[in-house]
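**Student:** Once you've had a glance at the structure underneath, I'll fire off some questions.
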């Protein structure tokens with residue numbers, strides 16, 4: 001227990017993040033299955049819309065703050081950044097431990113918020129006046145706000161740690177332009193966290209005082225404006241979605257270049273600039289989430305254009321990945337299957353994003369299932385596919401064990417069918433006008449909702465199969481004899497698994 005509770009070792013802390021993220025992911029998945037069960041047939045299943053919206057809200061918060069971010073930034077980030085930099089550990093190892101241990105209390109607060117009063121049925125955006133005292137009396141929303149505060153502090157500390165580590169602890173020979181793309185993606189992610197989370201903290205703190213201390217930041221009766229909250233929230237919320245996908249970009253770059261048998265990713269400097277551009281542009285497009293609140297036409301025109309510009313650096317990344325794959329004799333290993341699935345499905349999600357960027361079109365599609373389909377393509381098939389690819393790719397390094405390849409391929413096929421069956425029909429529902437965040441719908445929408453629910457059941461079976469595959473690997477203890485990877489990235493020069501202290505002597509990189 002002492003080793004895990006007080007650990008200052010980036011590998012142990014990374015492992016804790018993985019376990020925590022997997023556990024939270026199971027909770028979040030259970031909530032999503034409840035959502036799909038409710039929508040699997042017309043009529044009610046679990047009760048009124050309040051409980052339904054509590055489930056939807058908790059599903060979003062858990063998947064974002066307690067599954068994707070801990071696994072990508074906490075798990076892969078902690079494990080790989082020091083190894084790829086040739087650094088003995090993170091810059092602030094004890095703060096690293098604290099970043100992790102802020103998360104279980106944060107998750108507990110969120111779960112408790114669902115259990116007191118009527119729960120926080122606000123949606124993950126927590127818009128007032130629905131989230132204000134007038135519509136959500138009781139402590140639920142307050143507890144959810146405190147949960148976000150803790151998760152936010154955790155992420156800010158982690159971000160400071162990663163930025164400091166990369167600035168100060170690069171090994172001799174690793175200049176910024178030669179730094180691995182995954183490390184770049186984590187640094188840019190950390191910068192985004194550092195700049196956006198304080199704004200969220202301000203917004204939810206003002207909401208807290210509106211609810212409890214009689215201020216009126218968001219209450220028109222006292223001269224406030226609920227639209228101010230939306231601006232503040234989305235100034236955080238839009239960078240947040242890039243925070244969720246950028247580490248995935250970094251992992252996919254590594255996996256594609258290694259599986260292609262290439263020395264490096266095509267256009268790696270361009271890839272770095274593309275990620276920097278995405279990070280910068282992510283901060284100046286937030287109001288595209290607010291096309292329906294009545295902004296001036298010139299404001300809408302700006303946010304439409306700026307949003308579409310993000311497609312350019314994203315396109316650079318997609319085509320560079322395709323160029324990296326070009327001309328290779330691929331063996332379809334499980335990791336490359338996930339990476340190829342990522343490139344294809346993330347592109348589909350990106351295309352629906354360009355559709356939604358048009359303010360005039362978005363007036364019709366806003367708050368319909370078209371939006372749900374869009375962001376689940378980039379999250380459930382972008383972020384999650386990247387996590388799967390990365391986990392399978394680096395599992396032999398992390399554990400020194402092998403997974404069952406045949407099963408992993410079957411698992412990929414099951415998941416691929418499941419997620420597409422779940423989310424592709426939601427585009428049709430959205431175009432037909434089915435609104436989000438309702439527990440019931442007119443009968444005309446039944447067919448595609450049934451298809452979607454069947455898809456979610458298939459995905460659930462896939463996830464359970466994945467946990468079985470990991471269990472089987474840990475029980476069988478098939479040791480890795482040597483890493484099959486080309487050593488295009490220095491983490492593969494480690495033992496499998498790496499020693500507790502990887503670089504007691506600092507490496508010198510010459511190339």
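Backbone N, Cα and C atoms are what each Cβ position is placed from, and that goes for glycine too.
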**Student:** If I go by Swiss-Prot, the feature transmembrane segment sits on one of 203-223, 266-286. Which?
**Tutor:** 266-286
**Student:** Pick from 143-163, 479-499: which range has transmembrane segment per Swiss-Prot?
**Tutor:** 143-163
**Student:** Check Swiss-Prot: it lists 288, 289 as binding Cu cation. Then name which of 238, 326, 374 it lists for that same site.
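**Tutor:** Answer, per Swiss-Prot (Cu cation site with 288, 289), from 238, 326, 374: 238.
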**Student:** List the binding-site residues among 38, 43, 242 whose C-alpha is within 10 Å of the C-alpha of residue 289 (Cu cation binding site), in sequence order, or say none.
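**Tutor:** So the list is empty; none.
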**Student:** Nearest to residue 288 (Cu cation binding site) by Cα, among 38, 242, 366, 367, 374 (binding-site residues)?
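**Tutor:** If we rank 38, 242, 366, 367, 374 by Cα distance to residue 288 (Cu cation binding site), first place goes to 366.
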**Student:** For residue 238 (Cu cation binding site), what is the secondary structure by DSSP, using just helix, strand and coil?
**Tutor:** helix
**Student:** Near residue 38 (Ca(2+) binding site) in space, meaning Cα within 10 angstroms, which of the binding-site residues do we find among 366, 367, 374?
**Tutor:** none
**Student:** Inside 8 A of the center formed by the CB atoms of 238, 288, 289, which other residues of the chain have their CB, for the recorded Cu cation site?
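**Tutor:** So the extra residues in range turn out to be 234, 237, 285, 286, 287, 290, 303, 307.
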**Student:** Can you tell which of 38, 367 has the least company, meaning the fewest other C-beta atoms within 10 angstroms of its C-beta, among these binding-site residues?
**Tutor:** 367
